[in-house]
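Asks: Okay, these came from Swiss-Prot:
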TOPO_DOM  1-42  topological domain 'Lumenal'
TRANSMEM  43-63  transmembrane segment
TOPO_DOM  64-87  topological domain 'Cytoplasmic'
TRANSMEM  88-108  transmembrane segment
TOPO_DOM  109-164  topological domain 'Lumenal'
TRANSMEM  165-185  transmembrane segment
TOPO_DOM  186-200  topological domain 'Cytoplasmic'
TRANSMEM  201-223  transmembrane segment
TOPO_DOM  224-236  topological domain 'Lumenal'
TRANSMEM  237-257  transmembrane segment
TOPO_DOM  258-297  topological domain 'Cytoplasmic'
TRANSMEM  298-318  transmembrane segment
TOPO_DOM  319-336  topological domain 'Lumenal'
TRANSMEM  337-357  transmembrane segment
TOPO_DOM  358-375  topological domain 'Cytoplasmic'
TRANSMEM  376-396  transmembrane segment
TOPO_DOM  397-409  topological domain 'Lumenal'
TRANSMEM  410-430  transmembrane segment
TOPO_DOM  431-442  topological domain 'Cytoplasmic'
């Protein structure tokens with residue numbers, strides 16, 4: 001039986017009541033949005049990018065350029081391309097022999113053209129300014145994908161030392177960082193979006209990664225994270241992983257072909273010298289040791305072993321089934337082994353494997369800050385440090401890198417800060433992420 005509604009008695013409509021205006025609460029909500037809400041990055045990121053652009057212009061105009069390595073880069077490039085010397089053991093500059101792979105040579109040959117050696121350093125500074133801003137834009141894209149709160153994003157722009165490394169020093173580390181940020185961004189985009197282009201992305205990502213290695217070997221600190229992430233992105237298909245990894249070797253051969261044809265042994269010995277000794281007086285991280293201990297091979301082996309243990313522990317805590325899945329991939333290299341949610345584990349593995357490498361690095365010179373500074377907003381966020389403590393940690397960390405010359409006090413503080421951050425990451429993040437893995441029916 002239907003109820004008949006009388007037209008004389010229509011349902012009453014609720015009157016719209018405007019909420020009371022509370023300017024103080026609105027202000028609090030606005031501040032909370034641009035400080036803690038990831039959506040606030042739509043406001044914060046463009047503003048910070050604009051401020052960075054203006055700041056870099058000011059730094060270039062107001063602070064004199066400091067020559068450290070750029071002149072040596074130019075001398076080495078001229079010895080190669082003007083004198084025709086391709087023997088890596090004979091190519092030298094004002095600061096010593098050429099110790100970087102052929103990608104470095106290629107990039108600084110281009111820079112030599114634009115700056116005409118040392119004649120137009122200001123042109124080189126402008127190029128490095130653009131390099132900084134492009135790298136920052138990629139960082140922001142990565143942060144946005146990872147839903148970092150704006151207060152963490154701001155940390156990426158607060159380093160006095162980092163600005164100096166780029167536009168006042170012109171170090172080659174900046175180009176390695178550019179390629180590594182691009183590589184991590186590619187893998188992060190893939191991990192955040194289900195796509196059938198896994199093979200394409202992992203192959204192109206491997207090419208970018210190899211480009212970074214061909215500029216400077218510090219990119220190898222990402223290698224453990226790269227191997228596991230590539231395996232996961234390719235869903236355990238070993239053949240796809242091998243194809244992607246082969247691209248690394250392909251680029252190394254292509255970019256160094258001129259040297260490999262002429263003096264292959266000398267090139268490999270000079271460009272990839274893992275036994276190279278670093279100068280103790282410029283090492284920021286181990287000043288609380290004496291120089292003999294710093295140069296001791298036992299100390300170097302201990303650092304390498306500690307790095308290996310930390311990386312393996314981190315990986316197996318996050319992905320305890322890795323050995324079993326890897327064994328299955330070996331037995332069936334063309335078969336899909338795992339399908340997993342990669343949104344957290346891929347960027348986390350990449351950034352923390354690099355950070356562990358930095359913590360146990362034999363030496364950290366001032367320019368090496370660029371190796372990992374861009375990952376600090378993510379690491380601090382993942383460590384679950386509250387905002388006040390996060391800023392305190394960052395300020396203390398920045399103090400260490402701006403303390404000149406390297407000294408015992410800053411060195412102890414730097415090691416303590418980085419070790420404590422790694423411990424917080426272990427406490428808050430080191431739990432199985434890939435546990436409910438869907439397996440393809442055989």
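Cβ coordinates are placed from backbone N, Cα and C, and glycine is handled just like the others.
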Asks: Would the transmembrane segment (43-63) and the transmembrane segment (201-223) count as touching if the test is at least 3 Cβ pairs under 8 Å, pairs 6 or more apart?
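Replies: With fewer than 3 qualifying Cβ pairs, these stretches do not touch.
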Asks: Give me the DSSP three-state residue breakdown of the topological domain 'Cytoplasmic' (186-200), ordered helix, strand, coil.
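Replies: So the counts come to 10 helix, 0 strand, 5 coil.
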Asks: Six or more residues beyond either end and a Cβ under 8 Å away: which residues meet both conditions relative to the topological domain 'Cytoplasmic' (258-297)?
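Replies: For the topological domain 'Cytoplasmic' (258-297), the far contacts come to 86-89, 91, 97-102, 217, 361-366, 368, 400-401, 405-408, 410-412, 414-415.
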Asks: Can you say which of 165-185, 298-318, 337-357, 410-430 has the most Cβ pairs under 8 Å with the transmembrane segment (376-396)?
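Replies: Ranking 165-185, 298-318, 337-357, 410-430 by Cβ pairs under 8 Å to the transmembrane segment (376-396) puts 410-430 first.
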Asks: Apart from its near flanks, which chain residues at least 6 from the ends of the transmembrane segment (410-430) lie with a Cβ under 8 angstroms of it?
Replies: 284-288, 310, 313-314, 317-318, 348, 352, 355-356, 358-359, 364, 379-380, 382-385, 393, 396-397, 399-401, 403
Asks: Please give the sequence-distant neighbours of the topological domain 'Cytoplasmic' (64-87): residues at least 6 beyond its ends with Cβ less than 8 Å from one of its Cβ atoms.
Replies: 93-96, 98, 104-105, 108-109, 111-112, 115, 117-118, 121-122, 124-125, 164, 168-172, 258-259, 262-263, 266-267
Asks: Give the nonlocal contacts of the topological domain 'Cytoplasmic' (358-375) in its own chain as ranges (CB under 8 Å, at least six residues past its ends).
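Replies: Distal contacts: 135, 139, 156, 159, 161-162, 165-166, 169, 171, 173-174, 176-177, 181, 218, 221, 278-279, 282-286, 294, 300, 303-304, 306-307, 310, 351, 401, 414-415, 418-419, 422.
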Asks: Grab the pLDDT values for the topological domain 'Lumenal' (1-42) and give me their mean, rounded.
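Replies: So the average pLDDT across the topological domain 'Lumenal' (1-42) works out to 75.
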Asks: Using a Cβ cut-off under 8 Å, which residues of the same chain at least 6 positions beyond either end of the topological domain 'Lumenal' (224-236) come close to it?
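Replies: For the topological domain 'Lumenal' (224-236), the far contacts come to 187, 190-191, 198-199, 201-202, 205-206, 209, 244-245, 311, 315, 319, 322, 325-326, 328-329, 335-340, 342, 345-346, 349-354, 434.
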Asks: Based on DSSP, tally up the residues of the topological domain 'Lumenal' (319-336) by helix, strand and coil.
Replies: 10 helix, 0 strand, 8 coil
Asks: In the topological domain 'Cytoplasmic' (358-375), how many residues does DSSP assign to helix, to strand and to coil?
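Replies: Per DSSP, the residues of the topological domain 'Cytoplasmic' (358-375) fall into 11 helix, 0 strand, 7 coil.
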